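If you check TrEMBL, you get these features:
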{"type": "DOMAIN", "residues": "7-187", "note": "domain 'Ketoreductase'"}
{"type": "BINDING", "residues": "G13, G14, A15, R16, N91, Y156, A157, A158, S159, K160, I189", "note": "NADP(+) binding site"}
{"type": "ACT_SITE", "residues": "Y156", "note": "active site, proton acceptor"}
Amino acid sequence: MLRLDNKVALITGGARGIGKAIAMTMAAQGASPVLCDIQEPLLQEAREDIKSKTGQDSLTFVCDVANAKQVEETVKKTLDSKSRIDILVNNAGITRDQLLATMSENDWDSVLSINLKSVFLFTKSVSRIMMKQRYGRIVNMASIIGVMGNAGQANYAASKGGVIAITKSTARELGKRGVTANAIAPGFIQTAMTDKLKEEHRQALLSQIPLARLGSPQDVANTALFLASDEAGYINGQVIQVCGGMLT
Ligand code: NAP
């Protein structure tokens, strides 16, 4: 069950955090990972770690996910090397938190470009391949903040709400070609992204989680594995919240 033998899985932001956990988990089930991220040294560390733990070698690409030309090149090189792309995980993302009244235009634009435009760019490019294959699994990383909003995160919330919307549209466009698209909306997951939160903010968030713990990257990776599997073939256009019950 849930094996991904010989599936080519392209994961953005795959060098660390949730993206790396997804790559590791998929590789452990037989997938061939393709990692793209912004920092070369982290990519190589992730590649070595995945290889030593799963035996699977990864293709790696330094790619700014908000840059259309770099996205096209990454997809083309992946296809040249692997001949197909079965799974696309649009995971790369950033935060630039600030109250609306003081948020800079640059912080708005960066978050929308890296979190949302990237999903459009990769989906546009990879969906052509998946439609020809008549097979594909697209998993987009949203957030519960995209559903509920959050003070100080208007840019992030707008980007993740947009990720949910593009996921639903993708599901409707590609479904008849055998391609599914779903989103994961994590809650509060322990990664570099949340390590920078102040202790009082962390405690306030923890008090809202019925399971009384932060999520782990593995919690999210398990969900991504399921959505990418053949067993999830009739799940399409859905948003799965992985948040310990923080949002019901
Ligand atoms: P993370 O540890 O910061 O990892 C994100 C990765 O994406 C990093 O390796 C980062 O590179 C990379 N990245 C950033 N900008 C990029 C760009 N322009 N092009 C390519 N790669 C880029 O974050 P995470 O917590 O694993 O988050 C992964 C996803 O889950 C994000 O979409 C995030 O919004 C979402 N999410 C996270 C949480 C949470 O609690 N952690 C909750 C809900 C949703 P550098 O950092 O090296 O620049």
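The backbone N, Cα and C atoms fix where each Cβ goes, glycine too.
Just so you know, TrEMBL annotations never went through curation; they're auto-generated.
Structure with TrEMBL features highlighted.
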residue : record                       : Cβ neighbours (10 Å)
G13     : NADP(+) binding site         : 25
A15     : NADP(+) binding site         : 25
N91     : NADP(+) binding site         : 27
Y156    : active site, proton acceptor : 23
A157    : NADP(+) binding site         : 20
S159    : NADP(+) binding site         : 28
I189    : NADP(+) binding site         : 21
Recorded positions close to ligand 1 - of G13, N91, Y156, I189, only those whose C-beta is under 6 Å away: G13, N91, I189
A15 (NADP(+) binding site) - helix vs strand vs coil (DSSP): coil
Integer Cα-Cα distance in angstrom, I189 (NADP(+) binding site) to the residue listed as 'active site, proton acceptor': 15
DSSP three-state assignment for N91 (NADP(+) binding site): coil
Rounded inter-Cα distance in Å - Y156 (active site, proton acceptor), N91 (NADP(+) binding site): 14
